[in-house]
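Structure record follows, encoded as structure tokens.
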């Protein structure tokens, strides 16, 4: 009887220990949920707005395609627009919570030479949503109000970031453009060009020309600086190499903005379109450049779709202007 009692006692102790561990794990689930939420907020950054940026540009593409080709279903455009709106609102809420609970991380992001450029992305997405809105007229008071709500932060970032950078480069030489400039710097260029297109829709042509000039001059400086590949400029992470597609995304956006300013796809718009097409072909012919960056999934992959979407928009307008078989084939490709 004694030999049978000892094993029973051991089994009983083990069962009680497992139950205690299970109860302890279940009791910690309530405390683990806010911890998981905080870890998500701490790792969330403005680079995630690449997702909404790509979807919003797709919504604009569908709106223009439905307007030019009546046989295309408008339901696809409405579906894409509402999906882009939902993603944009969700990302804005997450970043707003990060500003509340992790404001120090937001300040560090603002001071980072790459991260500061993606602070333009939420406002670009909002401008694209506004320009592709299905039930809003460009000359309405609501449209103009929302336009300034989204453009003023872009101008503020331009003044605070770019003006300081160029001012120090011209005078004190504390910050060299070859060190601070990177492919992500072209996001600020795209912000000005998208804002220029929005200003044209409201009839503000002079404002659009001003924004277009600022954007293209900034793009020229960045392009020449990065093209020289000066010492100190090779500090761009490998995982962010998909951002190099912005090299043709900026002139593609400029071509679309100039087309809106002039009302026709004229010579300047064609030159910018051909430039973006040339850079696109140059990047596609170098797959080894992006080989290391696609080994693991990264949010930087969303940097592919936005420039390609604007290149597609330019090809649509080019095909409408030229009206030959080569242009139509280029649009389909």
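Using N, Cα and C of the backbone, Cβ positions are placed for all residues, glycine too.
Listed in TrEMBL:
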TRANSMEM  78-98  transmembrane segment
TRANSMEM  110-129  transmembrane segment
TRANSMEM  177-195  transmembrane segment
TRANSMEM  207-227  transmembrane segment
TRANSMEM  271-289  transmembrane segment
TRANSMEM  301-319  transmembrane segment
Original post:
Cβ pairs under 8 Å with the transmembrane segment (110-129): which stretch of 78-98, 207-227, 271-289 has the most?
Top reply: 78-98
Original post:
the transmembrane segment (271-289): which same-chain residues, six or more beyond its ends, come within Cβ distance under 8 Å?
Top reply: 241, 244-245, 247-252, 254-255, 258, 265, 307-308, 310-311, 314-315, 318
